[in-house]
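**Student:** I grabbed these lines from Swiss-Prot:
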type	residues	note
BINDING	24, 93, 121, 166, 339, 380, 405	phosphoenolpyruvate binding site
BINDING	24, 25, 29, 164, 165, 166, 308, 335	3-phosphoshikimate binding site
ACT_SITE	308	active site, proton acceptor
């Protein structure tokens, strides 16, 4: 039976400090590197959510030893990679795209499957690349099977990563363990979400791996050891954006502690986005503080590199003082759901005026009314519905539990934030 969550309306300007759990992107990259490292690693402040638990469970199945440490940390000791093993990807793009290269280093049969929607998501780029590098794989999408020999030759490979930067990151993360390393060349439309590849490169270098990304659309990773990690995981900045948006739309003030001064996280772009919409944005020792304006300004913005922020920005644009254009996000049609079609459908269902373009959305603010907001098993669609519900009474968000994909207790955090209003 479908469950609908009554999105709470704000009774005034939100004023709150909202600690946000660790970054999913950093946590899942760190787990892969730790499983392939030359010694035991410690991850402090990792995200504990469905996506990261799926990654941890899969790495255990492949041979890594992951134990709970003090204060929510993870202790990871690498072990011989071997099958037979079964990997449940759920709906986690990082699991379905980062772990096939790891499994190619294992000895034995590894099978991959996931949620029904995951079977529709593109995987052929990474699977064909692995075949070209010497892997034995049956299938081009979930479910598929990989027969490993305990090693992979590696070498040079050309892929089309225009559907997802995760195709590149997945190959790079395991490449130090390939006999020849890897040289990945992208051909096709521009790679989306480049900050995620920058994050992968930074984390590899921090682990002592030699990476050359000096040439556009070409990445070379040399073979060699991966140093053990001793890592404090940053807060998840993309997951922080709905809470900062709450300040923006209610004219309130929200602080997210621990916001890094420098980061490769795509979510850091929310600072510029909110400032362009008229909010006051301050980064200081207490974290990032956003104070909403009297009126939100519309914006024309290319979100190609930060497409994951599109649902949050679309919700903000629905309350702006004029028409907004969100560009550069055609690749969102292949995410957890077709996010462009979903945003148009759901905003229109509440009375909005939304038009799809070739690569984005045109949003003309209109008076909105309550109604059902379908999440399509997409965590960012669900949080966008919560933002709208702050100012639109009667918004009912379908399956708010889907937010557990990346936030362990979004409803509780949202309610706590709304407990502090003027």
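If you go along the chain as it appears here, the first residue is 1 and each next one adds 1.
Note that Cβ sites are derived from N, Cα and C of the backbone, with glycine treated the same way.
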**Student:** Sorry to bug you, but what's the C-alpha spacing from residue 121 (phosphoenolpyruvate binding site) to residue 308 (3-phosphoshikimate binding site), rounded to the closest Å?
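**Tutor:** Residue 308 (3-phosphoshikimate binding site) to residue 121 (phosphoenolpyruvate binding site), Cα-Cα distance: 16 Å.
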**Student:** Cα-Cα, whole number of Å: residue 166 (phosphoenolpyruvate binding site) versus residue 29 (3-phosphoshikimate binding site)?
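**Tutor:** Their Cα atoms are separated by 11 Å.
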**Student:** Which one is it: of the binding-site residues 25, 29, 164, 165, whose Cα lies the shortest distance from the Cα of residue 380 (phosphoenolpyruvate binding site)?
**Tutor:** 25
**Student:** Among the binding-site residues listed here (25, 29, 164, 165), which has the Cα closest to the Cα of residue 339 (phosphoenolpyruvate binding site)?
**Tutor:** 164
**Student:** By CA-CA distance, flag whichever of 25, 29, 164, 165 among the binding-site residues is nearest to residue 405 (phosphoenolpyruvate binding site).
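**Tutor:** If we rank 25, 29, 164, 165 by Cα distance to residue 405 (phosphoenolpyruvate binding site), first place goes to 25.
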**Student:** Per DSSP, residue 164 (3-phosphoshikimate binding site) is which: helix, strand or coil?
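**Tutor:** SS state of residue 164 (3-phosphoshikimate binding site) = coil.
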**Student:** Can you tell me the three-state DSSP label for residue 121 (phosphoenolpyruvate binding site)?
**Tutor:** coil
**Student:** Quick one: among the binding-site residues 24, 121, 380, 405, which has the most Cβ atoms sitting within 10 Å of its own Cβ?
**Tutor:** 380
**Student:** Cα-Cα, whole number of Å: residue 24 (phosphoenolpyruvate binding site) versus residue 165 (3-phosphoshikimate binding site)?
**Tutor:** 15
**Student:** Hey, how far is residue 25 (3-phosphoshikimate binding site) from residue 121 (phosphoenolpyruvate binding site), Cα to Cα, in Å?
**Tutor:** 18
